[in-house]
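According to Swiss-Prot:
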type: BINDING; residues: 30-33, Lys51, 87-91, Gly415, 479-481, Asp495; note: ATP binding site
Amino acid sequence: MAAKEVKFGDSARKKMLVGVNVLADAVKATLGPKGRNVVLAKSFGAPTITKDGVSVAKEIELKDAFENMGAQLVKDVASKANDAAGDGTTTATVLAQAIVNEGLKSVAAGMNPMDLKRGIDKATSAIVAQLKDLAKPCADSKAIAQVGTISANSDNSIGDIIAEAMDKVGKEGVITVEEGSGLENELSVVEGMQFDRGYLSPYFINKPDTMVAELEGPLLLLVDKKISNIRELLPVLEAVAKAGRPLLIVAEDVEGEALATLVVNNMRGIVKVAAVKAPGFGDRRKAMLQDIAILTGGTVISEEVGLSLESATLEHLGNAKRVVLNKDNTTIIDGAGAQADIEARVAQIRKQVEETSSDYDKEKLQERLAKLAGGVAVIKVGAATEVEMKEKKARVEDALHATRAAVEEGVVPGGGVALVRALQAIEGLKGDNEDQNVGIALLRRAVEAPLRQIVANAGGEPSVVVDKVKQGSGNFGFNAATDTYGDMIEMGILDPAKVTRSALQAAASIGGLMITTEAMVAEAADDKAPAMPDMGGMGGMGGMGGMM
């Protein structure tokens, strides 16, 4: 095991503070409407230019192991805020830096670190409760657009496109962000249920100009096993042919003789048919087949429930207004399922979302929810260069998370004002002893840091602005984009309450841990110079004696 170096007390905390400040100073340059850019070098390709706090934080590793520990802990603040609300990373970093700097000064002056932490925690709880009271619901499109704009570093086009997407697919709908091919941002909305499986054979195509298979008013046969024997399918095919309607088969797979027979029937015009693999894998495939069954009013043909393919009748088939298949996707439009059944299924999936602890499962469940409840919107980000595209895509994703958070917990005045207003919650707050009171006072000063930094980045005088904002009340604040004072909500400067709350909680949590650090352990630096390789005799250097 490699030797370790251990630092204690003040010398450990000083090293940690250097790392905290290096990382926070790089990140906080991006805060606010007049925040600066940070250029990140890549091991290959062009450097990335960004105004996204968490992207900057992720890139920073320091050479000194003890300083690096401080930097990594602040990086953790940014990640925690990002995981909780998808945004607010820069605010969280600025708050953490202020808490750690103020806290370590107090520790150096002889205060008890544990009492300081208790004071900070007490004040944080009071401010979080106050933020929840300050929050106003974010219901209309205009407010959603404003939140998106602020989160995307004051880019109106991003705010507007997110509001439009939410308008079209509803608050529950899935909105995905992709890299576009043009210069402008584009929004495309998929009505109905879409899943990522295309037709099993190009011979099913009936619209050669667009390379799609389109079925009008089809019946849907849903099977949770492979179909390779055509005999199993014959009873259903004959019934469908008599009914004179097209058929879509969704099965684990259709292969061999069965697929060949379907293709021949389709080409001869006996039965208009298309086949597609069921989406997902394993248990998720079964659940998604069940979703399609409920959406279209059909039944999944499964041996688990005692149904075999030979015994399937028209009653077991689902109905839809239209189905469109291309080589990658299948879209079912206007399924004929009973609304009450669909709502019950949606409620069931919502419950699963609340209960699951896995982020991946949660994301997949939410996709299923959207496919049943609303639709899917795709925002294609446009830009002139690859570098700009990456930077813009990161901002669109941030803005999307922020708007979701705003819809969830409401909005508060932006620009650091909500935190300053929430200070009234700790006006008369007292700790159990004097050191806890110092912790409360410390947080009171730290909470002003985001507003101070926004003003500093805009080239203003932070103390003057903070003083003027404190004298005001309600939504009164400073608009750094235009250098004016006024009602932040009316000026459209809003932050999601969840983002502000998560930023403060993450910063107070990690800040408190750093203040109470007494020892740090890291790998000892290797002092020995690397051994020189054997120089192999250095022949021919004889007559150089006179050079000394």
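Glycine is no exception: its Cβ is also placed from the backbone N, Cα and C atoms.
For Gly415 (ATP binding site), the same-chain residues that are 6 or more apart in sequence and have a Cβ closer than 8 Å to its Cβ are Gly32, Leu451, Ile454, Gly477, Phe478, Asn479, Ala480, Met488, Ile493, Asp495.
Asp495 (ATP binding site) falls within a strand when secondary structure is assigned with DSSP. DSSP assigns Gly88 (ATP binding site) to coil, not to a helix or a strand. A count of other CB atoms within 10 A of each Cβ picks out Thr90 as the most crowded of the binding-site residues Thr30, Thr90. According to its DSSP assignment, Gly415 (ATP binding site) is coil.
Each of the binding-site residues Gly32, Gly88 was scored by other CB atoms within 10 A of its CB, and the lowest score goes to Gly32. Residue density at Lys51 (ATP binding site): 23 other Cβ atoms are found within 10 A of its Cβ, drawing on all protein chains shown. Mapped onto three states, the DSSP output places Gly32 (ATP binding site) in coil. There are 31 other CB atoms within 10 A of the CB of Asp495 (ATP binding site), with all protein chains counted.
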